[in-house]
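S.K.: So Swiss-Prot lists the following for this protein:
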type: DOMAIN; residues: 8-146; note: domain 'TIR'
type: REGION; residues: 146-169; note: region 'Disordered'
type: DOMAIN; residues: 182-318; note: domain 'DBB'
type: MOD_RES; residues: Y264; note: phosphotyrosine
type: MOD_RES; residues: Y420; note: phosphotyrosine
type: MOD_RES; residues: Y445; note: phosphotyrosine
type: MOD_RES; residues: Y460; note: phosphotyrosine
type: MOD_RES; residues: Y513; note: phosphotyrosine
type: REGION; residues: 525-551; note: region 'Disordered'
type: COMPBIAS; residues: 530-550; note: compositional bias 'Pro residues'
type: MOD_RES; residues: Y553; note: phosphotyrosine
type: MOD_RES; residues: Y570; note: phosphotyrosine
type: MOD_RES; residues: Y594; note: phosphotyrosine
type: MOD_RES; residues: S642; note: phosphoserine
type: MOD_RES; residues: Y694; note: phosphotyrosine
type: REGION; residues: 702-811; note: region 'Disordered'
type: COMPBIAS; residues: 707-716; note: compositional bias 'Basic and acidic residues'
type: COMPBIAS; residues: 717-740; note: compositional bias 'Low complexity'
type: MOD_RES; residues: S718; note: phosphoserine
type: COMPBIAS; residues: 801-811; note: compositional bias 'Pro residues'
Amino acid sequence: MAASGWGRGCDILIFYSPDAEEWCQYLQDLFVSCRQVRSQKTQTYRLVPDASFSAQDLWVFRDARCVLVLLSAGLVGCFGQPGLLPMLQRACHPPQRVVRLLCGVQPGDEDFQAFFPDWAHWQEMTCDDEPETYLAAVRKAISEDSGCDSVTDTEPEDERELPFSKQTNLPPEISPGNLMVVQPDRIRCGAETTVYIIVRCKLDEKVSTEAEFSPEDSPSIRVEGTLENEYTVSVKAPDLSSGNVSLKVYSGDLVVCETTVSYYTDMEEIGNLLSSAANPVEFMCQAFKIVPYNTETLDKLLTESLKNNIPASGLHLFGINQLEEDDMMTNQRDEELPTLLHFAAKYGLKNLTALLLTCPGALQAYSVANKHGHYPNTIAEKHGFRDLRQFIDEYVETVDMLKTHIKEELMQGEEADDVYESMAHLSTDLLMKCSLNPGCDDELYESMAAFAPAATEDLYVEMLQASAGNPVSGESFSRPTKDSMIRKFLEGNSVKPASWEREQHHPYGEELYHIVDEDETFSVDLANRPPVPVPRPEASAPGPPPPPDNEPYISKVFAEKSQERLGNFYVSSESIRKEPLVRPWRDRPPSSIYDPFAGMKTPGQRQLITLQEQVKLGIVNVDEAVLHFKEWQLNQKKRSESFRFQQENLKRLRESITRRRKEKPKSGKHTDLEITVPIRHSQHLPEKVEFGVYESGPRKSVLPARTELRRGDWKTDSMSSTASSTSNRSSTRSLLSVSSGMEGDNEDNEIPEITRSRGPGPTQVDGAPVVTGTPVGTLERPPRVPPRAASQRPLTRESFHPPPPVPPRGR
């Protein structure tokens with residue numbers, strides 16, 4: 001056993017075992033960095049195994065005003081030592097001054113009530129709590145140990161508790177709950193001002209009352225106060241320099257309450273008046289004739305204005321992932337509001353903030369500090385917008401989670417490359433924007449790009465023309481273009497581009513045909529010539545015909561699977577051997593064939609798939625499905641105006657990413673080919689019409705053509721065939737219309753189509769909490785003591801084997 005800094009009358013005593021050494025050091029640093037607790041004297045008591053607990057050790061506990069017990073596996077193992085537990089029971093009395101911190105120990109692991117009868121009266125904390133929770137629990141324990149609510153309470157304590165609560169020369173204690181009001185709370189420099197302080201507890205006239213003014217850069221000054229009545233104290237404010245000053249009220253040696261007052265000069269007051277008169281929010285409300293002043297109305301107006309002025313093709317091509325991670329101090333600016341994101345965070349413009357986060361440079365602006373060293377998230381919390389602070393933090397964390405998830409899915413075990421980084425950035429930007437704003441035009445284009453590339457060319461040209469010359473909103477695009485894209489997808493037409501089909505019919509080029517210029521005249525004789533015959537393939541070599549191929553079709557596919565390069569559906573093994581590997585350019589946007597969203601789907605894609613299933617089942621026709629999608633899109637745009645709706649979408653996206661990470665071990669490695677209903681070969685069965693289990697139409701059991709098998713040729717069939725073979729995932733839920741943005745139930749079932757096998761349960765992922773909003777945010781949390789399995793009540797220390805700690809967590 002060892003007690004560091006031993007002395008009588010300590011305020012905080014940290015009781016721990018060697019396996020919680022890092023948590024003890026962390027709490028000491030936390031108490032020193034907090035202005036409200038740093039004045040309290042802190043000691044530590046380290047309990048080592050096989051050590052005795054002497055009377056001197058007992059006095060260390062008795063003189064402490066707060067006993068903070070770090071309950072770890074090693075400490076619980078010491079409870080079985082002979083003669084130690086009774087001494088600890090006496091040391092942890094009275095219970096209101098004891099706080100326990102569970103370090104890898106669960107309340108249900110042991111019957112702690114049998115160890116300590118007052119266990120239920122202890123304050124409890126966990127390793128996942130925020131630093132404010134630790135500070136509040138310690139302050140509460142010290143406050144309750146100070147005596148009682150009123151400083152005039154002089155009733156004698158119970159004689160049984162006297163030996164355990166002996167205190168002399170109590171240091172100041174902060175009790176902010178006793179304060180009601182301070183008038184005035186702003187004091188003019190150089191002017192005599194009387195400050196009135198109203199408290200909740202009764203003050204004793206026989207005890208001297210004083211007020212202590214503590215400036216930040218000068219010594220403290222104590223001024224004698226006057227009791228106006230039992231609850232009111234008046235003091236003459238001393239002449240101090242401008243700035244915030246801490247004010248404490250003492251009744252004898254006991255701190256009754258503490259607050260902060262500010263001193264100001266005449267010039268500072270003039271500046272405050274001018275800044276309040278030129279309030280930008282009130283000015284804009286007046287300019288837009290918003291009477292009475294309403295921040296929510298102004299927020300919607302500015303958000304809609306920004307949406308209408310963004311180019312129709314969107315700004316996501318520029319990216320938003322410019323988060324500065326190195327040399328953060330160089331990003332501090334001299335302005336109070338260096339970016340529009342800081343402005344929106346200060347005045348609580350929530351919808352505008354959500355829209356700005358999807359614009360280029362959003363994360364770069366997030367990493368810029370103003371002249372006071374505050375970032376947009378801390379500015380929002382400072383001005384009372386805690387929900388906005390939480391939204392900004394979760395958005396940035398979700399971007400990082402999503403980018404990491406997509407990059408891992410794209411790499412699929414390959415070495416890291418700049419190409420995957422660029423593809424992950426672009427996919428993350430698009431998916432974040434489409435998830436927070438379901439039904440937007442960017443989502444419509446991206447949804448169609450993967451399924452009907454030929455139909456998206458017209459819309460893409462219109463988007464480029466609108467952004468280059470005459471900027472127009474997405475609603476101004478030609479209605480037939482949008483409708484044709486949606487209709488083609490819902491009908492399940494072939495997704496092969498037209499140029500690919502033309503190459504199949506014209507494999508020999510155009511030089512064999514007469515090229516006619518439409519602008520020039522041509523002779524009638526040339527027009528009346530018979531058409532040129534279709535070129536035939538090369539004649540086979542003379543000799544006997546090749547023997548019939550009796551190898552099953554599916555066997556060929558699996559035989560060629562081992563020869564193909566993993567992850568490339570459209571390049572054969574021959575071309576890989578003959579041609580060198582070509583890596584795409586870093587800034588080249590990924591093609592849709594690579595599934596840039598890594599199996600995840602936007603809300604619009606899921607709604608279109610649901611409607612496509614309904615069309616295939618005959619529930620609705622194509623025209624009705626188009627109308628349903630337009631109605632859903634309009635509804636989503638209206639709901640996107642709500643900040644709460646965007647919060648829910650962000651939460652669903654985070655949960656979806658977490659589920660996919662947990663389900664990844666279940667599916668294992670993704671297979672390269674999607675296996676549909678195999679074709680049976682039989683010499684006795686005639687050719688007949690069959691129906692697959694999940695197919696909506698008949699198919700013929702015929703032998704396939706003898707062509708070179710490629711993975712892409714088998715997998716990338718028409719949307720009607722591929723969707724029919726996989727419609728079992730969504731046919732059940734297709735009867736219901738998806739009415740919200742990121743539906744959690746739908747996302748649960750969106751397992752990649754190629755993943756059909758069932759694997760083991762998901763692996764537990766330990767989430768790291770984020771320390772935010774405290775003056776000690778720079779402190780790194782120590783490693784959590786891992787949880788131990790439930791065991792019987794320990795009798796000897798040999799029965800305890802604490803596991804090693806996990807790596808440190810933190811931002």
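The backbone N, Cα and C atoms fix where each Cβ goes, glycine too.
Tell me about the surroundings of these features in the structure.
M.R.: Counting residues per DSSP class in helix, strand and coil order gives 38 helix, 51 strand, 48 coil for the domain 'DBB' (182-318).
Every protein chain considered, the tally of other Cβ atoms within 10 Å of the Cβ of Y264 (phosphotyrosine) stands at 15.
Under the three-state DSSP scheme, S642 (phosphoserine) falls in the coil class.
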S.K.: Around S642 (phosphoserine), how many other CB atoms lie within 10 A of its CB?
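M.R.: For S642 (phosphoserine), the count of other Cβ atoms within 10 Å is 13.
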S.K.: Quick check for the class: what is the C-alpha distance, in angstrom and rounded, between Y264 (phosphotyrosine) and S642 (phosphoserine)?
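M.R.: The Cα atom of Y264 (phosphotyrosine) is 41 Å away from the Cα atom of S642 (phosphoserine).
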S.K.: In the domain 'TIR' (8-146), how many residues does DSSP put in helix, strand and coil?
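M.R.: For the domain 'TIR' (8-146), the helix, strand and coil counts are 65 helix, 25 strand, 49 coil.
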